[in-house]
Every structure is written in structure tokens, then in C-alpha cells.
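Per TrEMBL, the features are:
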- 51, 52, 53, 69, 70, 71, 121: substrate binding site (BINDING)
- 106, 108, 118, 175, 187, 191, 193: 2-oxoglutarate binding site (BINDING)
- 99-196: domain 'Fe2OG dioxygenase' (DOMAIN)
Ligand SMILES: O=C(O)CCC(=O)C(=O)O
Ligand SMILES: [Fe+2]
């Protein structure tokens, strides 16, 4: 690991640009953001069609921003930005040097809520994604899509942390937020994104 961007650690991952700032937000700020986001965001229980069945996603979600997006073949209209989301976006843009026009929010109610291996590599998505975490600390992992010789890269996403995924990260690596049997406080994750076109 090496420190590059100010306050960020760069993860040791070939063909990727991933930076992690464990204490991007102070404890007090993070507690406030966690509470406000829990209350103000329009959390939804979405369903996904799998093996011909409608299954609830193992987390609650919300989508805000300038543009709609298509997910699992369904078009989702965006909700207009909340002031708190614009405030977070501004601070993260200043640190990352990227610009974002939408944010996907995930609410993990307990350790059995999760997100499986995937890459955020849709053609309409810009390469810079900024991931903010508030609440219960969860494990997170990256796995190279082709090179089985490379180890899985694991980290703990802390309360108030910022993870930047840039460059060719999504083309070459998958990531996941695994389930845990540990009792764990609810967690909110925000991924700021750029939808093009
Ligand atoms: O909750 C997380 O840390 C990961 C979220 C994620 O990968 C996504 O929304 O695409
Ligand atoms: Fe993702």
C-alpha cells in the first residue's frame, strides 16, 4: 500500500486505481449523516427476477440524481437531489477530482443484507465511482476478473470512510459486500456515479 492522494491509501491492485480514506468524515459528522440519511432518504424494498421468481433484494435502496438509470431491465426514474446528498457530493468531488450526477444508496439492515460479486461496468457509467460508508463496519472485497493468481483484496469499510474506484478498476475487478453472522449495526452506503449520454 502507498499513500498518494492526500489522506488516501492506494490499494495494491494491478489494473485498478482504488483509494481508501478510513476517516474521511469525522466521528461526529458521520453520526449526524447516518441519522439524517436514515430518516430523510426514501428507502425502497426492490425486487429482482431470479429463476422466474420475484425475490426481494437483500438490502433497501434509493436512487437520486439528474438522470434515470436502467437496472435489471427496469427503468428507474431518479428522485431530485436532497440537500444532504448535494452537500456530500460536493465534498467528495473536491477530494476525488471527479464529477458525479447521480447516487445509488444502499441500506444494509443487518449482517444478512449484502451485495454479491459484481462490477459497476455498464457502458453508460463513467469510470469514477465514490463509495461512502456510514454505520456498522462491514467487510468488503475485490477479486480480479481473470487473474486467479492474484489474491482477493479485503478491507473493512469504516463509519465515515470514502473508497474511490477509478480508472480501469471496474473492467478488471469484481467487488462484493459479503454477509456476516456477526451482530452488526445498520449500515448506509452511497455510491456517487456519473451517468453519460
Ligand atoms: O455497500 C457497498 O459498500 C457496496 C455497494 C456497491 O458495490 C454498489 O452499490 O455497487
Ligand atoms: Fe458496486
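Cβ atoms are placed via backbone N, Cα and C, with glycine included.
Features per TrEMBL, on structure.
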residue	record	Cβ contacts under 8 Å, 6 or more apart
53	substrate binding site	none
69	substrate binding site	63, 75, 76, 78, 102, 124, 195
70	substrate binding site	76
106	2-oxoglutarate binding site	59, 60, 61, 115, 188, 189, 190, 191
108	2-oxoglutarate binding site	59, 114, 135, 136, 138, 177, 186, 187, 188, 189
118	2-oxoglutarate binding site	174, 175, 176
121	substrate binding site	170, 171
193	2-oxoglutarate binding site	65, 100, 101, 102, 103, 104, 120, 125, 126, 129
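Model confidence over the domain 'Fe2OG dioxygenase' (99-196) stands at 97, taken as the mean pLDDT rounded to a whole number. The 6 Å Cβ screen around ligand 1 retains 106, 191 from the binding-site residues 51, 106, 108, 121, 191, ordered by sequence position. Residue 187 (2-oxoglutarate binding site) is surrounded by 23 other CB atoms, counting those within 10 A of its CB over all protein chains shown. In the three-state DSSP classification, residue 51 (substrate binding site) falls within coil.
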